[in-house]
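Since the structure comes first, as structure tokens, the remarks are kept for the end.
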């Protein structure tokens with residue numbers, strides 16, 4: 001509770017996502033793999049609708065997700081139309097071991113474009129743990145997602161693989177669309193090798209990397225890392241660049257200035273033989 005007696009919110013943003021797809025693609029399995037959050041809607045919902053909430057961390061901010069799943073059966077199309085209102089993101093789900101579910105994504109996209117046009121979407125291939133029964137090649141699904149202009153994931157609720165990552169990416173897309181680009185920059189967990197490279201190049205100019213007592217392959221990686229991340233930008237181009245620019249400017253200025261010297265008259269008592277230039 002805050003000082004004024006009002007409850008403190010446990011999240012910074014609240015988003016509503018819809019999981020759409022055929023009835024047997026495992027959308028309920030995805031929701032069941034989420035341990036935290038309520039499994040019942042506070043507003044109540046009819047049969048054929050599954051609901052769950054979960055909270056994710058996105059660049060240090062707490063984002064609460066309301067996840068709604070229609071059964072995917074034809075008789076619930078009316079329910080889908082009503083629950084699609086106000087949705088801020090859509091998760092298109094198919095079963096990688098069921099070709100029919102993948103071919104049905106086009107039908108769901110038409111429904112979404114009709115009742116929730118412009119809502120950000122991602123494509124999710126579910127049940128990756130059944131890869132030995134795969135009927136939808138990863139390359140084909142990836143090409144299909146690129147044609148739609150959406151992000152693609154393959155997930156496994158059984159292994160808890162890519163579930164949170166897919167939700168997090170969709171939340172990032174939604175918040176970026178709503179003008180949160182200043183706060184929601186893509187985050188990256190650096191590997192131990194990247195951390196070591198960052199520590200080295202932060203105190204070593206790139207032109208001195210070749211002189212480090214390291215294997216050639218490692219020196220080459222350090223140089224590439226330095227140029228890619230711009231950590232040596234100041235040492236590479238800072239003082240030397242400004243000095244070169246300044247001196248070049250001065251030389252060009254001198255060339256433009258015409259020196260005018262006052263006329264000099266020879267001394268009165270100076271002759272050709274007696275006058276010497278010191």
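Even glycines carry a Cβ here, placed using N, Cα and C.
Since this is a predicted model, take the numbers as computed values, not measurements.
Cβ-based neighbour count (10 Å, all protein chains) for residue 26 (GTP binding site) stands at 28. Reduced to three states, the DSSP call for residue 26 (GTP binding site) is coil. Per Swiss-Prot, GTP binding site is recorded for 23, 26, 27, 72, 126, 127, and the stated evidence type is similarity to another entry.
Residues or ranges marked as region 'Switch-I' in Swiss-Prot (evidence: sequence analysis): 41-49.
Per Swiss-Prot, the feature Mg(2+) binding site maps to 69; the stated evidence is similarity to another entry. Other Cβ atoms within 10 Å of the Cβ of residue 69 (Mg(2+) binding site), summed over all protein chains shown, number 22. Secondary structure at residue 69 (Mg(2+) binding site), taken from DSSP and collapsed to helix, strand or coil, is strand.
Residues annotated as region 'Switch-II' in Swiss-Prot, with sequence analysis given as evidence: 72-88.
Per Swiss-Prot, domain 'SOCS box' is recorded for 175-228, and the stated evidence type is sequence analysis.
Residues annotated as region 'Disordered' in Swiss-Prot: 242-278.
According to Swiss-Prot, the compositional bias 'Basic residues' annotation covers 248-259.
Sequence annotations record features per position, and here Swiss-Prot assigns compositional bias 'Polar residues' to 267-278.
For 270, the entry in Swiss-Prot reads S-palmitoyl cysteine, with the evidence type sequence analysis.
What Swiss-Prot records for 275 is S-geranylgeranyl cysteine, and it gives similarity to another entry as the kind of evidence.
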Mapped DSSP class for residue 126 (GTP binding site), helix or strand or coil: strand
Greatest C-beta neighbour count within 10 angstroms, which of the binding-site residues 27, 127: 27
Among 23, 126, which are binding-site residues, the residue with the most C-beta atoms within 10 angstroms of its C-beta: 126
